[in-house]
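Feature annotations, reproduced from TrEMBL:
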- 873-911: compositional bias 'Polar residues' (COMPBIAS)
- 970-980: compositional bias 'Basic residues' (COMPBIAS)
- 683-817: domain 'U3 small nucleolar RNA-associated protein 13 C-terminal' (DOMAIN)
- 844-980: region 'Disordered' (REGION)
- 59-101: repeat 'WD' (REPEAT)
- 102-136: repeat 'WD' (REPEAT)
- 144-179: repeat 'WD' (REPEAT)
- 188-229: repeat 'WD' (REPEAT)
- 448-483: repeat 'WD' (REPEAT)
- 504-537: repeat 'WD' (REPEAT)
- 546-587: repeat 'WD' (REPEAT)
- 588-629: repeat 'WD' (REPEAT)
- 630-662: repeat 'WD' (REPEAT)
Amino acid sequence: MASASLLSYKKNFRASPVLERFYTGGALVVAGDGTFVACACVDDVKIVDLATGLTTKTLKGDSETVTAIALSSSDGKSLFVASRSLQIKHWDLTSQSCLRTWKAHDAPVADMALDASGRLLATASADRRVMVWDVELGFCTHAFRGHQGVVSCVLFHPDIERLLLFSGGDDGTVRVWDLVKKACNAVLDKHFSAVTSIALSTDGWSLLSAGRDKVVNVWDLRDYSHRTTVPVYEAIETVCVLPDGSGFPGSASSDGSLTANSMKPKKKSGGASLRFLTVGEHGIVQVWNSDGAVCLYNQSVSDATIKASDKGDIKGGFTSAVLLSSQRELMCVTGDQRLLFYESVALENGEIALKLVKQLIGNNEEIIDLKFVGEGDQSLAVATNLEQVRVYDLTTLSCQQEMVGHTDIVLCLDSCVSVTGQPLLASAGKDHTARIWNALTGACLALATGHVAAVGAIAFSKKRRNFIVTGSSDRTIKLWSLEGVLGDGSTGDKPAKLSSQAVVAAHDKDINSIAVAPNDTLICSGSQDRTARIWRLPELVLVLTLKGHKRGVWDVEFSPVDQCVLTTSGDKTIKIWALSDGSCLKTFEGHTASVLKCAFLTCGTQLISAGADGLVKLWTIKTSECVNTFDHHDDKIWALAVSPTTETLATGGGDSLINLWKDCTVDDEDEAIRKEEEEALRDQELSNALMDTNWVKAVKLAFTLQRPLKLFSVFTDLLRTQGGDVQLCEILQSLEKEHRQLLLEYIRDWNMKPRSCHIAQRVLFDVLSVVPPREILEVPGVEQFIEGIIPYAKRHLSRIDRLSRSTFLLDYTLARMSVLLPEENLASKDPSSWRLSVEDMKALPNASRPTPTNPHIKLSDDGLQKKDANENGYGSPTTPMKDSNGSAQNKERQAQISTASPEKSNGVSQKNADDMVKTGGEIDLRLGVEQEDRDDDQPCDSPIFTRKRPKRKKGMEATKTRMQSSRLSNKGKKHRTANS
């Protein structure tokens, strides 16, 4: 592989949909100012900018085909859409929101129209009714019946003072409805077929009706009389009245004189003459004069009809036409979903003619192949499942050339620039032929015939550009010479015939791809027989057979710098093979479906691949790694084209979408560096704000940098300061809407962790306190944030409740242990002060005094404990208390207590005094544990209450005792078993 140490690898491409499906036929309406058009695209409505050709808005449908569209001419913001679901939707184009939906008819709506004020909507349906609706209030104002078939078109009178409504139907009649009288004023029945279009003159006193009976009738609205009939000799789809001064061929100028190619008609009585335009099945634009039924202009060549076969079958034609606001442009819609824009121009002989200046393709159907044309990346040739090859100008997205010549679907393309600088395009298809085209003029220069099956692969010479190679489903490869054919590009009216220089039976199955080496010495072919083969030119001698794929080979490509070739296969892999020995050098795996196209980038150091999984992948050959994956297609990607500069890519597939990819690696790196610098600067500002305790600035910077941990620390420090709660409320109240959304998201995340839940709950409390509920509900996604906060808040509340209840047990335990000391005693470090004197005990309330539960302990009259002690220190209820040395002292204390102040003895009852034991004036705090709670086997640490442990038996005596106990237990078990 070539050294890539000095090369800059590509890392990212930015995609922009340049050509997508926006019109699939049917309803279409143009804005009053001519800036955009609303088109029906299956069940959706797409708004297309006529200047750029890009889809600006998409209004989602209800999964049923759109049948009619109406747009308000007053403001251009209200759009009405009817579909086969029998629903009519009212859309606001500014907010792209559906304002109202209602059911209008019992059958699909065929046409809709709005009056000049935009307040009344008329609907014509297949249920033979015409209904008028109040747009603002949403109710039906009129319901007209009378047609005997489908009502195909409807039109309001442009004069608001004349409340008239016109409707035409399949019964061949035109009816005039009076909205004031709610009745039918007249029935105009001179047609013998369905009425397809109606139009009013500029003065509003003449009505034109056209139908598929190939005539146009002119009516006088003063008395509803038939003025004249103009035969047009084709089924008419649309009729348009040409205003004076419009500049169209045959129209009158602003001063009333005729244009250069207008014929002065014979004068007939019956009113002023009308000049109108018709389009229909023949795909030509005609201009007529109602007086004398004279054709003033007839297009010589049709831009809409297509010769479908050698037998002369014609398909296509115009389905509608609209005069644009400039009055000098005409937009015609073809049967194959193309929008053709005509402009009137003056010819050399002084006549006025219509010139095609632009065309937008509404539906490219399935994209089969793509190639950049010329040296740059401004023109793109597209092959679809049609017989034509279209060349698009990528700056305006309009079709600048349409190459007509193939009689069946075009399958493959290739392009080059000849030695004379002429851009060439080669195409081949299912008609078993290959053609060479002049990409600038669209003329066919040469024709190659000889294959007996569909030609699925074609390639130009890379170096000399003097031959092409084709591969076919007949399993053969043919070499065609272009010497003496190209010249200056002018070959007369008929293309030159090419002859094959070499033929070889190359594979056992269909040939999918062919590539020519950069030095024109080798070609490589890939086939459905799972092999790729290398052939030497010009004799087409087999050099190598590359075997290793488990499915058919879809694409082959020579490296621009190395002696290797890549292949892609239906086994989801890409392989690189050495041309020296045919060994496999590398295998790339990553696609989840067949890899259909692949190409070299960055001087042969990178690959770009496209597959049936709708993914585009960027690979680095040196590391065999996928650098990036792009997902911008909804179906198989059949076509991949790389511009000569390798900075631009184009992909197309089964979703009728063509994406243009621009290399944005350098831009991304510059943007990353700029963001790094800005982030470092803001980090420093944040640190300075924290040092200066500028909490408002710190919070705003933390939100701007999206640093939740930093924001948490700011809130923590703020709440620790004096008056921080007030500042926090002020900060939360001044937050913007996007910052509030981030704050709720951060609170939800903080609330999930016990360490940070306290700050989260505090901030949430302040948010709910200072921010009005209406503003909280306006935060995007507030429902999801609240749903994430509530469960953890309940969990934290339950945990705190359990902790609070457990503190009661601690208080109770400490009270029972009599360790709830005054604060001055607890503050002392001297353990000797941790004792309660008799006076302190008397001062305690009854509830705070320890109540011993041991029946051996009683309280005396002075509230002190009295102990019946034997010589071992244990009290016994049957053992009288001995009058030892301490009896005299006890008597003294009795006397002292009895002579004490009555206030200190009032709080002690006689019963409690009898249950306490007199002690030496102090109570050791270590006696706080109740005696009955002690285990009898555990020693008592108290110096007052001590218990002698029984002596342990040792040796044989202990063994005999255990044996006797065992026997007694066994006898007991047997006795219980017998009783049971």
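Each Cβ is built from the backbone N, Cα and C atoms, and glycine gets one as well.
Here the repeat 'WD' (588-629) has long-range neighbours at 1-2, 4, 7-13, 551, 554-555, 557, 559-562, 566, 568-576, 635-640, 642, 646, 649, 651, 653, 655, 661, meaning same-chain residues at least 6 beyond its ends whose C-beta is under 8 angstroms from one of its own. Counted over residue pairs 6 or more apart, the CB atoms of the repeat 'WD' (188-229) and the repeat 'WD' (144-179) come under 8 Å in at least three pairs, which marks the two as touching. Per-residue pLDDT, averaged across the repeat 'WD' (448-483), gives 94.
Residues 1-2, 509, 512-518, 522, 524-534, 593-600, 603-604, 607, 609, 611, 619, 621, 624 of the same chain, all 6+ positions outside the repeat 'WD' (546-587), place their C-beta atoms under 8 angstroms from a C-beta of that stretch.
Using DSSP to sort the residues of the repeat 'WD' (588-629) gives these counts of helix, strand and coil: 0 helix, 26 strand, 16 coil. Residue counts for the repeat 'WD' (59-101) under DSSP, helix first, then strand, then coil, are 0 helix, 24 strand, 19 coil.
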